[in-house]
């Protein structure tokens, strides 16, 4: 009875105080009741200081009411709250709920649903048990729900890759919801969670301890997630310690329910226990109450600004509850969106904060709760690893199941990425890893590490090892170096972390070598690697001088400055001193354009041969010069072939890849010998640099200035052309080549490896983990797991085997250099052109005519003669190419003989036809000169051939005559009959008149008659003064006559179709005219022809050649009548009868013009034909008496050439013979022609 009067008197006094405030003031104020769930000293002190002056900074006037409730009796609690609501006009209630006041929270939720009064829980103790709340309840909580706590706990598990765990619960209310939430979060996550076991224990007073021990000993998991109250948690951890589940090798995580108050944790709580609490876990009671009152005041003020009045106070509990009024619903909606002091206090429809800020706390070795992480805006930030070994001092603690692993970022073995910005977690197939940094939380705490996500080949190996060997780990990235190098006696990198026992294990692209093996233990290699070289394909952009790059500048200079000049001078010198070619009389030349082979023509010839240029050139005539030109032509072929073969590699750069045979290749050992110098490097402080420094010191000295900071920098330098080759681990380079965008990077030799080694896991010396890890790695190799991982991580779409040449079009960038050269040449040509005109029109007229400047004229003439050449008067004019189609008779006979040769099958006749064909071709090979005038017989007086004065009398030669002492005259073939009427020609002067006596007259005197009388100069029948175009047959030094050269095919005129069609008609006409003598009527030899009187010419007037029939014409040799070759006398007689002028033009020439068919006036002829005097060659037909027996007439043998050479030289010097003629024996078929 007395117990019930105390609260009643208290409420009565409160209501009296409230009524004394006056109505005027109450209308503008807001009444808030603050209910404390306990009567401890802190609550008593705060209740004494809680006054309206504590809330002056709020927009409304607050009238606080403090109430203390008895939590042991729910009925008394209900009576007190309902009496308060009925006596005072309360707008809202702020309730301090501890974790042990779940019954109070349920009663408050029921009262709110009945009276619609807003109730705000500020400590979060009721958040675990109030799921869901009553319908129509306005109960709001600043704590977090069980689902939100589970979400943070799973993020912690994911942070350290604790994917395997077991769940332990008690029979505390809500344990079924907890298990359901665990399964829901695990199923919704992308992480492959493994729920090893679920155990529900009776942890209350008097529970079966033996059963609890047995169930706990059956658990085999590194991580445990427990759900129970604080009292039950003390019992659970005591039993777990006895079962061996508490210690550094096990991790325990509990929700906020198991912690209770964070002021003094129980002694049974293990070190390293992890839990999740709200950010207000360190706030005082005054700050919590102030936040709750501020939320109610700000919501009411928002309602007042919109509606102009405050909401009505709450109703009485004893009144039957009706529907919620619109004003109450509006006021509740304003409470759901409140911001206070920069914090968002937005509530969900379930009454929980939408974006709560939570912290992860852990019990450190000093048995104090320490914040190790923060959950903010859906992202978890870990301050540093939660394991107690990683306290602020980072002092390591011995642990048999948890390892610290150091690694280093290097693709594809370890790839580091940033967490997902939306969730703050790592994406699938990645592992959280940390790196030292200076990150600062919003609360002002400094995080010494930054959370990152690691993946790659080595990370997958580590995850498999942790699953098989059964250990937990946390991963961090080294920042004090690379793989590991000893610098000034101190090891850095991953090796240094293991050596100085800051890490239990190091995994990554860590090469096994002897120096490292002395201080740490390595596992068996899990990847085979070595040293390889990477180069870049060309991107197709070439320099303007790419067309010059197939040869070095030294080769170009040697080619065009040295070789071309030296060979040109050599060819010129050989030609200069050749006895048959060069005109050495340059200085006396009077006219340019002669056939002289100059130094300029030599350079032009060699230049044309180099570039296969079809330009008009003049070839040398000397044998030695020709050999030199042929050797130069062969050299030019090799030069052009080598240039063309290498040009494509420089014009199409994407097809070019540098190749090296190994580290001992000359490109690495002698890089300065290359053009340009070969540039290569590596990443320092690694095994690759150590290997090169130890074995190739000169190579290492050169590559130091090209070393790169990282692999990514090296790849960029290769693509930009700053580096020619990059030397590094083969496994890394193969991955980079396979994943390169555009496949621009390749490793030489399809991934050829030098200094083969492997990657291993580094552990501390004599580590007990070595054997287990070696067995696991060998198992992975045997099961094919390693090969699968290599396929995933170490292969790419770009393969080194795809090095076939890809054809592509050349664009303007490839050919820019050639166009630039052409433009420069055009510019230089314009400058030379302008200078030429300036000199010709201006400068040369300004130079005064002075004898002092004659040296300039001589110098200019010398340069011009050197490059153009001159022709002296002694040089014979160049002969024109013969025209075989000028005489239709010759063409007809030539075609006839060719057709006859095709029809003849016998070898002898065919050979005769060949010789006859050459004979006909030789007829047209002589120079066509104007014919001599027909001359009368000797009895008719002076010769009317040329109207020139008689030469002065000269002494008669001493002796001259035919070889046998008679009057036989050897003449050449008779001229052809004219094809058209002769045309008069211009008169010519007597060019045969010389002031000195010819040498041949003094050596061989001419005599005639039977008495041996010497003929005077005017009586000589063969005077050289009557024939202006003569020829003399000459022989070589062996006695064989020179054969005339046949015209080249390009000199022959082309026959049209109408001329070719006449072939058959010409053949018929050639053999059908007149009677053809049979072969039996022809003489078998020349001697037989002279033995027959009828074969002698009729021109002889002596008695021995008279005929009974008085026939005046000599009998012609048997030939085709289509030729109709008359003897010279007939031609002369026909010319006189026709009244032709003295000059017969174009058809009848001197006897030497057709000098291939010999005729002879033998010894029986007393007189020679008068016109034979025009053939000056007759003077040399007979030599001295000592040579007469060997002179070739129509007799037996060949003429000795002993005196013919000199006769030929004299004749050329006086008459200017146009060319040599040939004397040879003729066959019967040729004589027939």
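Including glycine, each Cβ sits where the backbone N, Cα and C put it.
Features as listed in Swiss-Prot:
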- 20-554: topological domain 'Extracellular' (TOPO_DOM)
- 82-317: disulfide bond (DISULFID)
- 426-453: disulfide bond (DISULFID)
- 433-454: disulfide bond (DISULFID)
- 509, 511, 516, 687, 688, 729: L-glutamate binding site (BINDING)
- 601-620: region 'Pore-forming' (REGION)
- 645-813: topological domain 'Extracellular' (TOPO_DOM)
- 743-798: disulfide bond (DISULFID)
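Checking each of the recorded positions 509, 687, 798 against residue 453 (disulfide bond) by C-alpha distance, the shortest gap belongs to 509.
A helical conformation is recorded for residue 687 (L-glutamate binding site) in the three-state DSSP classification. Non-local neighbourhood of residue 433 (disulfide bond): 407, 416, 451, 452, 453, 454, 475, 476, 477, each in the same chain, at least six residues away, with C-beta under 8 Å from its C-beta.
What surrounds the L-glutamate site, by Cβ distance within 8 Å of the Cβ centroid and not counting 509, 511, 516, 687, 688, 729, is the set 483, 510, 513, 529, 686, 757, 759 from the same chain. Just so you know, the Cβ of residue 798 (disulfide bond) picks up 17 other Cβ atoms within 10 Å once every protein chain is counted. For residue 426 (disulfide bond) paired with residue 516 (L-glutamate binding site), the C-alpha to C-alpha distance reads 33 Å. The most densely surrounded of the disulfide-bonded residues 82, 317, 743, judged by C-beta neighbours within 10 angstroms, is 317.
Ranking the binding-site residues 509, 516, 687, 688, 729 by Cα distance from residue 743 (disulfide bond) puts 729 first. Mapped onto DSSP helix, strand and coil, the region 'Pore-forming' (601-620) counts 10 helix, 0 strand, 10 coil. Considering only the binding-site residues 509, 511, 687, 688, the residue whose Cα is spatially closest to the Cα of residue 317 (disulfide bond) is 509. In this view, the densest Cβ surroundings among the binding-site residues 509, 511, 687, 688 belong to 509, judged by other Cβ atoms lying within 10 Å. Around the Cβ of residue 454 (disulfide bond), a 10 Å sphere holds 25 further Cβ atoms from the protein chains shown. Recorded residues residue 511 (L-glutamate binding site) and residue 798 (disulfide bond) have their alpha carbons 25 Å apart, per Cα-Cα distance.
The least crowded of the recorded positions 453, 516, 729, judged by other CB atoms within 10 A of its own CB, is 453. Using Cα positions, the member of the binding-site residues 509, 516, 687 nearest to residue 798 (disulfide bond) is identified as 509.
Comparing residue 82 (disulfide bond) with residue 516 (L-glutamate binding site), their Cα atoms are 78 Å apart once rounded. The L-glutamate site in the record is lined by 509, 511, 516, 687, 688, 729, and its two most distant CA atoms lie 17 Å apart. On the 0 to 100 pLDDT scale, the model's mean across the region 'Pore-forming' (601-620) is 81.
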